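For reference, the structure is listed below as structure tokens.
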Amino acid sequence: PGAILVLVGFTLSAFSTLLVAIRFYSRYFLMRMTSLSDYIMLCALLVTWGNTVLNYYQVDFRQDSRLARVENDPDSPTVRAAVAGTLVTWFIYRPSYVVSLSLVKLSVLSFYRVFSTARTNFRRTVNTLIIFTILYTISMIITSIFQCIPISQAFSVQASYTQIPGRNGGSRPKCYRPTNFWIFQGAVNFLTDILILLLPLPMVLMLQGIPPRKRFGLFCIFSVGMLAIAASAVRMWILVIWGKSVRSQNRYGTELLIWGQIEVNSGIVSASAPFLMPLFRRKSKERRQE
């Protein structure tokens with residue numbers, strides 16, 4: 001699973017990079033107009049690459065921090081170093097994952113706001129979702145950082161050893177149980193993804209005279225967006241299994257990260273795909289002129 005995570009992460013991130021690059025080319029050189037949504041998406045891509053690098057090191061540290069090895073030789077310098085690396089990378093990944101998802105949502109909502117200039121219910125809903133996403137992201141970051149008091153207990157090797165069943169490693173750290181929190185976060189992400197995807201659908205369906213080719217293109221974009229929602233649902237299901245015990249966390253951590261990569265990158269792809277249409281129109285026009 002570790003090799004699959006690295007392959008999926010770097011492949012999807014590279015594909016997302018290609019689409020974002022084409023998006024900027026299309027918006028800047030062909031349409032002569034870039035907006036805040038484009039730059040927010042660029043930030044989302046950069047954070048996603050950061051998560052991909054974190055995933056690589058999470059896989060690397062996992063080789064020597066598997067639960068069976070920790071139980072057999074917990075005081076080995078190699079094992080302790082690997083456990084420390086695992087704890088630190090997960091500590092950074094949790095808020096970073098939330099930021100990447102939220103930036104994708106904010107990019108989409110920022111674009112919605114541009115073409116809804118009138119003070120309509122649609123625009124009010126978009127503004128409400130933007131405010132909610134920002135406040136929600138800040139609260140999730142704070143909650144992730146202050147999982148333990150003091151904060152250093154969250155990536156303390158000795159503190160983590162107290163979580164191993166049957167091991168007397170000293171007093172347990174003052175940390176809240178994060179499982180319910182992460183399930184709540186996954187549920188909020190899932191519901192907001194659905195809402196953001198469906199929000200412009202009534203407006204699109206009301207458009208008259210759309211050629212079949214454009215309708216097919218919109219359907220494809222909608223399908224990719226549905227893939228992001230499906231990935232979010234699968235990740236939430238794995239998260240429930242992952243949170244049952246320390247052994248489950250050790251076993252299903254890689255699968256959790258794989259579906260996190262699919263979820264974020266599907267969001268980037270579906271949000272960037274509509275901006276590729278000017279490029280396709282230009283190529284089609286050039287062919288007709290030939």
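Cβ coordinates are placed from backbone N, Cα and C, and glycine is handled just like the others.
Going by TrEMBL, these are the annotated features:
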DOMAIN    22-282  domain 'Rhodopsin'
TRANSMEM  6-26  transmembrane segment
TRANSMEM  38-57  transmembrane segment
TRANSMEM  97-115  transmembrane segment
TRANSMEM  127-146  transmembrane segment
TRANSMEM  181-204  transmembrane segment
TRANSMEM  216-238  transmembrane segment
TRANSMEM  258-280  transmembrane segment
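Listed by sequence, the residues of this chain that lie at least six past the ends of the transmembrane segment (38-57) yet keep a Cβ under 8 A from its Cβ atoms are 5-6, 9-10, 13, 16-17, 20, 23-24, 27, 85, 89, 92-93, 96-97, 99-100, 103-104, 106-107, 110, 257, 260-261, 264-265, 268, 271-272, 275. For the transmembrane segment (127-146), the residues of the chain that approach it from at least six positions outside its boundaries are 94-95, 98-99, 102, 105-106, 109-110, 113, 181, 185, 188, 192, 195-196, 199, judged by C-beta separation under 8 angstroms. Counting residues 6+ beyond its ends, the transmembrane segment (6-26) has Cβ neighbours under 8 Å at 34, 38, 41-42, 45, 48-49, 51-52, 55-56, 59, 257-258, 261-262, 265, 268-269, 272-273, 275-279 in the same chain.
Remote same-chain residues near the transmembrane segment (97-115) are listed as 35-38, 40-41, 43-44, 47-48, 51, 122-123, 126-127, 129-130, 133-134, 136-137, 140-141, 144, 185, 189, 192-193, 196, 199-200, 260, 263-264, 267-268, 271 (criterion: CB distance under 8 Å, separation of at least six residues from the stretch ends).
Summarised as a single figure, the pLDDT of the domain 'Rhodopsin' (22-282) averages 84.
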